[in-house]
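Student: Pulled these from TrEMBL:
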- 135-394: domain 'Ion transport' (DOMAIN)
- 134-158: transmembrane segment (TRANSMEM)
- 192-210: transmembrane segment (TRANSMEM)
- 231-251: transmembrane segment (TRANSMEM)
- 257-275: transmembrane segment (TRANSMEM)
- 296-318: transmembrane segment (TRANSMEM)
- 359-381: transmembrane segment (TRANSMEM)
Amino acid sequence: IGNTVLHVLVLQPNKTFACHMYSLILSYDRNKEGPGSLELIPNNEGLSPFKLAGVEGNTVMFQYLMQKRKQNLWSFGPLSTVLYDITEIDSWAEDQSFLELIVSTKKREARQILDLTPVKELVSLKWNMYGRPYFCFLALFYILYMVCFTMCCVYRPLKPRTGNRTSSRDNTVYVQKMLQESYVAYEDELRLVGELITVIGAVVILVLEIPDILRVGAAKYFGQTILGGPFHIIVITYACMILVTMVMRLTSTAGEVVPMSFALVLGWCNVMYFARGFQMLGPFTIMIQKMIFGDLMRFCWLMAVVILGFASAFYIIFQTENPENLGQFYNYPMSLFTTFELFLTIIDGPANYDVDLPFMYSVVYFAFAIIATLLMLNLLIAMMGDTHWRVAHEQDELWRAQVVATTVMLERKLPRCLWPRSGICGREFGLGDRWYLRIEDRVDPNKHKMMRYTEAFKAQDRDNYEKGSEKLETNGDTLCKKELSALSLSLSLSRSTSRTSSHRGWEILRRNT
């Protein structure tokens, strides 16, 4: 019951009341430091009160719990050293990491915790010491891997075509070699080495991605933009296309260019994932993802309806015309593609003015230009501009969340010998097996000195005012003009004295500044 009440208090809107009640309930806990403490018992979702405060974005409760767990090591003048308990914060050897819970939650308030002590210092330590070097090395290695795969595709085994053409529009001059003919020369052996590297890389990608999908869940793993959800879809699809190409090569099946071209596009687009390691480029990747999966997906439904309607109209209009004089609409699939190009203003109106054009072509093309170019394209630009404005206001916050997600990902993937645990073990200070992060804090003495002077001035003016009031009450019975004049004189003297003392205090303050 006590643990349930603690979890409920974390969710309370009155945060000050919740903190007082939380402390009151813990005062009756018999196992405050033991494994059976109320603070360590998780709820049905596996969250302790501390982790629940982070997931819900309750910054007041989070800071209150951190103040309870910190240890003052030493202080000397304005300098002080504090040990913060990071056992539940650190993602090292944690199945349900606190940092991963914060970046994966949909509440924006939770990401504000990433800017609080000691979370900010812990993430900065991990990223600067291990995360950034490993991530840059991984980016460089992936680019070299994609260059290797691209060279294998450019120099794929082809031979001249020997059969006759079956159509006047057939323009094929080279065909794919059979498996027995593909690896004969020395250049083929070099290409084979690159192909083996490509296939091994695809298998490694699947081995690394599939366990995370099973652990987190497909909906959460692919749906979170900060966790890199769309890029996980891209890299898994890329690996599958590589394996399909390998099977088609081994079975000498024609048409390997289809999965190979998809793999090239997806593999190079995945390079944008590594932009999250740079503060200048990281927010733009989130911006692109939100535009594609937000604005563009909604816009594509409207675009598909418009293209389908006008492509059908163009095909019907030119169905009776000679395709040699106007070949852009010679069949229905080509009409769809041509209308799509017209929609994006990639090409001009495909009209041959050397021949007579149908009258309805001018009417339909006029309506298409008004609806597609003037209305819908400007609507898309306005939608993307609104998304850019919203993301730009929180780009620093999003980049910090990206850094945390990348750090947690690298910490899970890399072996323990390459990523040691951050912080200090509590045994060094007699604090048990919990881990702590040492943070040095410097207090600005000028700020505290100014506060002391201000309080002194207020107290002195208050004392003078109270003395004057007491004199008024004492002499209130005898309302003589002499006494009133004397009282006014004493009040003016006290005000002048107060003014003089205040002036003296501000002179001291000015000299110190």
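Every residue, even glycine, has its Cβ placed from backbone N, Cα and C.
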Student: Go through the chain and flag residues at least 6 beyond the ends of the transmembrane segment (231-251) whose CB is under 8 A from any CB in it; none is fine as an answer.
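Tutor: 149, 179, 182, 195, 198-199, 201-203, 205-206, 209, 221-222, 259-260, 262-263, 266-267, 269-270, 272-273.
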Student: Below 8 Å between Cβ atoms, which of the listed ranges 134-158, 192-210, 257-275, 359-381 makes the most pairs with the transmembrane segment (296-318)?
Tutor: 359-381
Student: So which residues does the transmembrane segment (257-275) touch in its own chain, when a touch means Cβ under 8 Å and the partner is 6 or more beyond its ends?
Tutor: 135, 138-139, 142-143, 146, 149-150, 153, 156, 176, 228, 231, 234-235, 237-238, 241-242, 244-245, 248, 281-282, 284-285, 288
Student: Along the domain 'Ion transport' (135-394), what average pLDDT does this model show?
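Tutor: Mean pLDDT across the domain 'Ion transport' (135-394) comes out at 83.
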